[in-house]
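Student: Structure provided below as structure tokens; questions to follow.
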Amino acid sequence: MSPREVLGQAARLASSGLLLQVLFRLITFVLNAFILRFLSKEIVGIVNVRVPLGVFWSVFLGWAWLQLLAVPDPDVIPHYGTGVVLFGFSAVVELLGEPFWVLAQAHMFVKLKVIAESLSVILKSVLTAFLVVCLPHWGLYIFSLAQLFYTAVLVLCYVIYFTKLLGSPESAKQQVLPVSRMTDLLPTITRSRAFVNWEEAKLTWSFFKQSFLKQILTEGERYVMTFLNVLSFGDQGMYDIVNNLGSLVARLIFQPIEESFYIFFAKVLEREKDATLQKQEAVAVAAAVLESLLKLALLTGLTISVFGFAYSQLALDIYGGAMLSSGSGPVLLRAYCLYVLLLAINGVTECFTFAAMRKEEVDRYNFTMLGLSSSFLLLSYLLTHWCGSVGFILANCFNMGIRITQSLCFIHRYYRKSPHKPLAGLFLSPVLLGAFALSGGITAVSEVFLCCERGWPAMLVHVAVGALCLGVTLGTAFLTETKLIHFLRTQLGVSRLTDKTT
């Protein structure tokens with residue numbers, strides 16, 4: 001398969017995954033906004049910050065979770081112990097479906113993954129909304145049962161799909177999967193081979209170390225909140241709501257692109273060779289795609305940062321009412337908008353870096369991540385004492401900045417001896433930068449005079465001002481960033497045409 005054919009396949013996967021995720025996430029967004037009207041910040045903090053960490057640790061420690069941490073007041077948070085146990089059990093159920101997830105990911109069954117996960121999330125949200133309205137006195141029972149239901153539906157979707165696929169005669173003829181029946185996914189002991197394949201065991205250990213370090217980097221602030229008690233349950237709940245709302249765009253847009261184009265880079269480039277020793281067509285296509293993805297990530301992140309600053313309070317008021325729009329919520333969301341910009345750039349740079357790194361470079365990167373994890377946890381603790389929950393976002397920005405710098409250095413070294421300059425995607429035209437600056441100033445003034453306690457007519461005018469500024473900014477991008485527009489037209493156009501004909 002040529003590099004351009006792989007590019008077309010990756011573009012189709014990204015676009016189809018993006019459209020399906022937008023559709024399903026909109027439904028869950030509305031359901032979650034409804035659920036928030038019936039909850040306190042304290043129970044949100046328990047469910048979304050402390051108990052999910054119990055899922056991670058319950059696999060390894062079991063009963064120790066309930067012994068190490070202070071149990072919340074049962075009058076405020078009832079059924080805490082049972083909730084932690086049920087969350088831990090749901091983690092075990094979800095691990096049973098992990099082989100199916102890996103198989104689907106390796107063979108690019110993106111629609112299966114998106115539909116299974118989205119359907120599970122929607123049904124979980126529906127069940128949560130029903131129980132919150134009808135049985136609010138159940139407390140943590142509501143969320144633990146909904147989580148267990150979510151994992152059961154998710155695993156069931158994968159099991160049903162692969163049972164039908166492996167049982168069909170077409171699958172047997174094509175031999176597209178490394179397994180021929182469902183029992184091949186279960187642990188087996190054969191006399192002809194050793195009980196442990198040590199090469200696979202070493203590779204698994206390397207992946208485990210990397211996953212553990214990434215867990216610290218992505219969920220580190222939750223550990224600081226939980227074990228050091230730097231924030232109250234209410235503040236933890238506020239932070240988690242803003243975190244979920246702010247990362248919505250990252251999950252909708254960036255994640256499908258990163259997953260699909262990681263597969264593209266991994267297929268097109270050879271890990272153990274420099275750029276000068278590989279097929280130059282593959283190197284050129286990879287450089288062009290990386291440049292376009294960097295430009296797209298930068299534009300998307302800048303748009304969210306500039307317009308999110310002036311519309312954070314309004315968004316929180318619409319999503320969760322006065323509970324979110326008052327207090328620290330707007331400040332948190334404004335800071336998170338800046339973090340989304342770094343998140344977008346890091347996703348693209350690490351997507352390429354992990355696909356092109358040699359094994360020795362991956363090991364060195366894991367060692368660097370170990371030091372970064374320790375400094376991140378320490379910085380989170382210090383910044384939280386200094387400026388409250390915003391400190392967690394600032395620590396995440398620092399963490400993301402270091403990771404971006406490492407990836408940019410690798411990309412620069414990788415293409416240093418080639419004529420291609422993919423890092424040019426991080427530079428925008430002065431006209432477009434001026435449009436962003438002007439839009440940011442106008443919307444900031446509009447927020448001061450029109451939002452958010454002056455009634456709905458004033459807020460609608462504020463929204464109209466933002467829509468006008470957004471239209472002008474996007475129009476400027478369309479006229480100045482012609483290379484990116486051509487990439488989006490050709491790849492997304494090809495993907496839509498192929499989807500219609502297949």
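Cβ atoms are placed via backbone N, Cα and C, with glycine included.
Per TrEMBL, the features are:
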type	residues	note
TRANSMEM	20-39	transmembrane segment
TRANSMEM	51-71	transmembrane segment
TRANSMEM	77-102	transmembrane segment
TRANSMEM	114-132	transmembrane segment
TRANSMEM	138-161	transmembrane segment
TRANSMEM	283-311	transmembrane segment
TRANSMEM	331-355	transmembrane segment
TRANSMEM	367-384	transmembrane segment
TRANSMEM	390-411	transmembrane segment
TRANSMEM	423-444	transmembrane segment
TRANSMEM	456-479	transmembrane segment
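Describe the structural surroundings of these features, if you would.
Tutor: Residues 217, 220-221, 224-225, 239, 290, 328, 331-332, 335-336, 338-339, 342-343, 345-346, 349-350, 352-353, 356-357, 361, 365, 368, 372, 376, 379-380, 382-384, 422-423 of the same chain lie 6+ residues outside the transmembrane segment (390-411) yet bring a C-beta within less than 8 angstroms of a C-beta in it.
Sequence-distant neighbours of the transmembrane segment (456-479) (same chain, 6+ residues past either end, Cβ-Cβ under 8 Å): 299, 303, 306-307, 310-311, 314, 431-432, 435-436, 438-439, 442-443, 446-447, 450, 485.
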Student: With a cut-off of 8 Å between Cβ atoms, can you find at least three pairs linking the transmembrane segment (283-311) to the transmembrane segment (114-132)? Only pairs 6 or more residues apart in sequence count.
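Tutor: The answer is no, given that the two segments have fewer than 3 Cβ pairs within the 8 Å cut-off.
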Student: Which range wins on Cβ pairs under 8 Å with the transmembrane segment (114-132): 138-161, 331-355, 423-444?
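Tutor: Going through each listed stretch, the top one turns out to be 138-161.
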Student: Please indicate, using numbers and ranges, the residues of the same chain that are 6 or more beyond the transmembrane segment (423-444) and have a C-beta under 8 Å from a C-beta there.
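Tutor: Result: 290-295, 298-299, 302-303, 306-307, 309-311, 345, 408, 411-412, 415, 465-466, 469-470, 472-473, 476-477, 480-481.
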